[in-house]
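Asks: Attaching a single structure in structure tokens format; questions to follow.
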DNA sequence: ATGTGC
């Protein structure tokens, strides 16, 4: 397999064998040859063989191996002749990031970080299997799955204005709860407003640096400001939807999937019965995830209101695990496409892009660009990308050292699991600053603000 | 990511 240089930050694998389009990887010359890239690029090659794929099989700078499709991959399929695949979305449907801003400066809250973290930890269930102590009825769950954040606003979990600041207003219209299994609904019924574990987090952060003053001001951002970020998804409900439809496709679309180069790329024609049913269920799970982050954001907003008498503003909430029906210009022709972004963020012109770091490392607020539309269907990266697997992390790092380095950086942390701390330590990820620098140099997003954590809640 | 592994 030859990887050729297309330009300074774009690499190409020409079509060979059954590939319908080339592979394009957006990154610099240092990372392109690394081991974790090699596996991911092989997966992008496999994706390039799938029916109806348009233009290219794209890798963002943070790509690494995932189920079927790599994490950090973007692939768009013709809505009429193409496919939809659960592996191209990921198990955590609508895993995403929410950022909320306050009018506070760090100096005003620096003595209260522990108190904020303790209250967040006490009021929001975190960790593996985190549950609320109430169970929603099936009827209520279906309302949530169909109406997304509109349900939350109607039930006093937030302000009406929040709807303007969520991707798709927190409600994807193609959702249909009738295609979500009883089992998935059951799993979700006591998981609404819970963080989960792994790379999910709640952080209190400082705006460390503003890059574009005018744009920062437009969004009410200033250096020294306190903001908070939530990184979470659709919990067990989304996981169950993915599991259910992978099985449904296996049971019912055996012939259709005969030629896929990897079993994990199992898919359905988008316009088919099974394709549409997965699309409806996936969007229902996406709405659940929007509400999940809405409820956590609302609770933290109330904690800040109670402690400091300030109102927080939802700046933006974005997903980085989803397949979306979008119109894009391909070779001068407007086409309806089903754009799979798995560990990739939509980055339309002038739209907020959020890139979360991990524990000790920084997070970023960026803006999408016109140029991103002409590269990978208006997409950008979603994080730093792992360099160490969970097992490797446990072998090379230990809990005390990770905590000490957090302490040296003056970052407070509350966590449910020692394992998670080691598995999600900053050292386990690529340097987020360099990933962000690359996406800015490529031109798919522009930096608006860099955020540094002062307090972290982990599962 | 996940009531963490078929």
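Yeah, the Cβs are placed from backbone N, Cα and C, and that goes for glycine too.
Summarising the annotation, TrEMBL assigns active site, GMP-histidine intermediate to A:382. Among the features that TrEMBL reports, Mn(2+) 1 binding site is placed at A:92, A:200. What TrEMBL lists as GMP binding site is A:199-203, A:320-321, A:356-359, A:363, A:382-385, A:458. Residues or ranges marked as Mn(2+) 2 binding site by TrEMBL: A:231, A:320.
Are these features on the surface or tucked inside, and what touches them?
Replies: For residue A:382 (active site, GMP-histidine intermediate), the same-chain residues that are 6 or more apart in sequence and have a Cβ closer than 8 Å to its Cβ are A:60, A:62, A:72, A:320, A:343, A:344, A:345, A:355, A:356.
Sequence-distant contacts of residue A:92 (Mn(2+) 1 binding site), defined by Cβ-Cβ distance under 8 angstroms and a gap of at least six in the same chain, are A:233, A:234, A:238, A:239, A:321. DSSP gives residue A:92 (Mn(2+) 1 binding site) a coil state; it is part of no helix or strand.
Around residue A:385 (GMP binding site), the same-chain residues at least 6 positions away in sequence with a Cβ under 8 Å from its Cβ are A:36, A:61, A:62, A:63, A:64, A:71, A:72, A:429, A:430, A:435.
All protein chains considered, the CB of residue A:320 (Mn(2+) 2 binding site) has 31 other CB atoms within 10 Å.
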Asks: Among all the protein chains here, how many other CB atoms are within 10 A of the CB of residue A:358 (GMP binding site)?
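Replies: 24, counting other Cβ atoms within 10 Å of residue A:358 (GMP binding site).
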Asks: What whole-number Å value do you get for the CA-CA distance of residue A:200 (Mn(2+) 1 binding site) and residue A:231 (Mn(2+) 2 binding site)?
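Replies: Cα-Cα, rounded: 5 Å.
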Asks: Could you measure between residue A:202 (GMP binding site) and residue A:231 (Mn(2+) 2 binding site) for me? Cα positions, answer in whole angstrom.
Replies: 6
Asks: Are there any residues at least 6 positions away along the chain from residue A:231 (Mn(2+) 2 binding site) with a Cβ closer than 8 Å to its Cβ? List them or say none.
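Replies: Within the chain, residue A:231 (Mn(2+) 2 binding site) has Cβ neighbours under 8 Å at A:95, A:96, A:97, A:199, A:200, A:201, A:202, A:356.
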Asks: Three states by DSSP: which one describes residue A:358 (GMP binding site)?
Replies: coil
Asks: Where does residue A:202 (GMP binding site) sit by DSSP, helix, strand or coil?
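Replies: In the DSSP reduction, residue A:202 (GMP binding site) maps to strand.
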Asks: Across all protein chains in the structure, which of the binding-site residues A:199, A:200, A:202, A:321 has the highest Cβ count within 10 Å?
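Replies: That would be A:321, with the most Cβ atoms nearby.
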